[in-house]
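Novice: Copying in the features that TrEMBL gives for the protein in this structure:
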BINDING   R162, K163, K166, E188, D189, L190, V191, S192, T193, G194, G195, S196  5-phospho-alpha-D-ribose 1-diphosphate binding site
BINDING   S192  orotate binding site
DOMAIN    115-242  domain 'Phosphoribosyltransferase'
Amino acid sequence: MKELYILRDTLGQLQDVVLTDVLKAERIVKSSNGRLTFEKILWLNDGLDCIFYERELAQSQLGRPQDRTRQAREIAQILLEKEAVTINADEPYIYVSGLRSPIYCDNRRLIFFPNERRIISHAFAERVRSFSPDVIAGTASSAIPWATWVAALLNRPMVYIRKASKEYGQRRLIEGGDIRGISVVVLEDLVSTGGSSLNAVNACREAGANVLSMMAIFTYEFQEAAQKFRDARCHTEALTNFSTLVQVAAEKQMIRSEKITMIQEWNTNPQQWGPRHGFPNVSPMS
Ligand SMILES: O=P(O)(O)OC[C@H]1O[C@H](OP(=O)(O)OP(=O)(O)O)[C@H](O)[C@@H]1O
Ligand SMILES: O=C(O)c1cc(=O)[nH]c(=O)[nH]1
């Protein structure tokens with residue numbers, strides 16, 4: 001049994017999607033500290049730990065490192081169980097940056113699994129909510145569904161950012177609406193070198209938006225990516241990451257130890273790994 005907490009201010013309305021969850025809940029315990037209505041729901045379904053619908057409390061609760069660690073481990077396990085993560089050293093994958101890699105994390109697969117995609121979109125929503133953005137932005141193409149679900153959960157407008165402006169029709173780079181002068185959180189499915197996500201952040205900035213954060217499901221934790229975001233003065237975070245993935249895979253014996261050693265070697269020096277193993281890196285994909 002899991003516990004779902006829904007918190008709202010006394011005048012607040014629960015969104016439809018939450019109401020559906022509430023109706024399915026076994027038992028609701030209500031209390032109040034004067035300013036907040038506090039509803040504790042004993043939740044029978046797997047997968048959903050908690051949702052916070054009050055900003056102040058969300059920040060204090062979600063800021064606790066152990067919560068983030070638990071969440072990162074849970075999502076890493078999903079990536080492994082749903083075979084989003086695959087390893088192939090015989091024919092290493094080519095990344096959009098041109099890097100060769102023995103590991104690929106295909107988060108596109110996650111949209112196929114309703115329970116897991118709910119866990120991830122709720123995790124995103126909890127974090128995005130603490131920034132109170134005007135708009136949720138998704139990078140094309142893989143983050144469009146995540147941005148859609150998060151925007152629906154938070155009842156916010158959504159846009160998506162193309163890799164390049166469309167060459168016909170309205171010729172837009174950002175689709176959905178005008179983000180000039182308003183705040184945005186950008187969602188991405190995955191960060192390797194950070195090039196794609198930073199392009200999206202820059203596109204939003206050039207369109208006149210204030211980018212509050214760029215959040216991804218997964219990051220390989222490359223120094224190169226972290227430096228790019230520092231240089232761009234853009235806050236960034238990920239729901240889970242390479243080191244957590246490796247830790248969970250090792251503990252639960254989901255990846256054999258020699259493969260773990262190999263992907264760790266790749267991760268410490270991704271530029272060198274391909275050439276050293278007879279697979280030169282290639283030009284970045286356009
Ligand atoms: O951090 P980077 O080095 O830029 O790499 C990460 C990017 O690569 C993938 O997108 P891809 O270009 O494969 O496009 P897609 O989302 O349309 O599948 C992924 O979805 C990220 O956007
Ligand atoms: O860098 C990339 O292109 C990339 C790496 C990865 O593991 N998964 C993905 O979708 N893209």
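Placed from the backbone N, Cα and C atoms, the Cβ positions cover glycine too.
Can you tell me where each of these features sits in the structure?
Specialist: The local packing around G195 (5-phospho-alpha-D-ribose 1-diphosphate binding site), expressed as other Cβ atoms within 10 Å of its Cβ over all shown chains, amounts to 16.
Contacts of S192 (orotate binding site) defined by a Cβ separation under 8 A and a same-chain sequence distance of 6+ are given as Y95, V96, S97, L99, Y220, F222, A225, P270, in order along the sequence.
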Novice: Let me know how many other Cβ atoms fall within 10 Å of the Cβ of K166 (5-phospho-alpha-D-ribose 1-diphosphate binding site).
Specialist: 11
Novice: Can you tell me which of R162, D189, V191, S192, T193, G195, our binding-site residues, come within under 6 Å of ligand 2 at the Cβ?
Specialist: S192
Novice: Reduce the DSSP letter at G195 (5-phospho-alpha-D-ribose 1-diphosphate binding site) to three states and note it down.
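Specialist: Its secondary structure by DSSP: helix.
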Novice: Under a three-state reading of DSSP, tell me whether D189 (5-phospho-alpha-D-ribose 1-diphosphate binding site) is helix, strand or coil.
Specialist: strand
Novice: Rounded to a whole number, what is the top Cα to Cα distance in Å among the residues the record ties to 5-phospho-alpha-D-ribose 1-diphosphate, namely R162, K163, K166, E188, D189, L190, V191, S192, T193, G194, G195, S196?
Specialist: 25
Novice: Filter the binding-site residues K166, D189, G195 down to those with CB closer than 6 A to an atom of ligand 1; keep them in sequence order.
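Specialist: What lies within reach of ligand 1, judged by Cβ under 6 Å, is D189, G195.
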